[in-house]
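The active site, proton acceptor annotation in TrEMBL covers His146. If you look up TrEMBL, you'll see Cys154, Cys157, Cys183, Cys186 marked as Zn(2+) binding site. Among the features that TrEMBL reports, domain 'Deacetylase sirtuin-type' is placed at 14-300.
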Amino acid sequence: MTKKKERVEPTISDEERLDAVKLLAQQINNISDASIIVLTGAGLSTSCGIPDFRTPGKGLFVNGSLDKYEVKDPTSIFEIGYFKENPIPFFERMKNFIATEYKPSKTHFFIKLLQDKNKLMRLYTQNIDGLERKSGVSDELLVHCHGKLHTSHCMHCKKQFTLQYLRDQMTSESEEEVQIPKCNVCGNIVKTDVVLYGEDLPDKFGECVFQDLKKHKNCKLFIVIGTSLQVYPVALLPEYAPHGTMRVLINRDRCGGFYNIQSAIRECDVKNNHLDLYLGGADQTIDGCVELLVRELGWEDELKELMENSTLVDLNNL
Ligand SMILES: [Zn+2]
């Protein structure tokens, strides 16, 4: 057995990063129609205090003891088959997450600003926290690839319920115990619209991918934010970007098709003529990268105004 070799990430100098930011700002400025696709993941919401699913010691998949549930793998409790048999561990794990009101980050509002400027074609998010909607991104432009927490359905009669209903149902007098939310019509279990392992992705995902990346080839900029591109089929989306599209990764580590990018700028992927940019690195946060970009775009005041004065959308309004 050999020890896995630690990968040494090539460092990005501030100068290189700034060159990439300038190119990106130029592209965003040149875009005069809704032709930017954004793909986001857990890294977008970590600055909001939302637990990542996989971070050792903190993630929902790896946190806490599983002894009492007789499961070997923590992800089992997020499988639909297991959930149908025993939904208690799922709701126990999700209890605090469901009960807490989180606020969108600067990066969420930056994406909303792209929408306000009519530059956003679509936001594909892998996050279930609803913060994109809370920041004001419209339902039409938003695809919850892995479902969402803020709506639920009865598993039997399919009645839809709000986040508040779920919260009220789950409240119990004991800190330890969790109440399973039940339908007020037929009494069956209410499940959040989060996609569990073994469930299909929402229809909207396939429909929008077809519209945005296969039928029309109008995407001029593909921005990937805060995801390690490990979950399929979502991880493949940047590969579908049309010929000549600028693709950008804003993430701590290089990943997916950006894995081998050596510097902040990689010109012309041989096959698809992409210009790939990488903003990130261990010394820079996602919000920090977006700050650099917003400064370069001259949008600082607008973003500040948006963050301070916009009313957050109530996720209970279905
Ligand atoms: Zn029901």
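Cβ atoms here come from the backbone N, Cα and C positions, even for glycine.
The Zn(2+) site, placed at the center of the C-beta atoms of Cys154, Cys157, Cys183, Cys186, has further neighbours from the same chain whose C-beta lies within 8 angstroms: Met155, His156, Lys158, Lys159, Asn184, Val185, Gly187, Asn188, Val190. Taking all protein chains in view, 11 other C-beta atoms sit within 10 angstroms of the C-beta of Cys157 (Zn(2+) binding site). With the fewest other C-beta atoms within 10 Å around its C-beta, Cys186 stands out among the binding-site residues Cys154, Cys183, Cys186. Secondary structure at Cys154 (Zn(2+) binding site), as computed by DSSP, is strand.
Geometry remark: His146 (active site, proton acceptor) versus Cys183 (Zn(2+) binding site), CA distance 23 Å. Residue density at His146 (active site, proton acceptor): 20 other Cβ atoms are found within 10 A of its Cβ, drawing on all protein chains shown.
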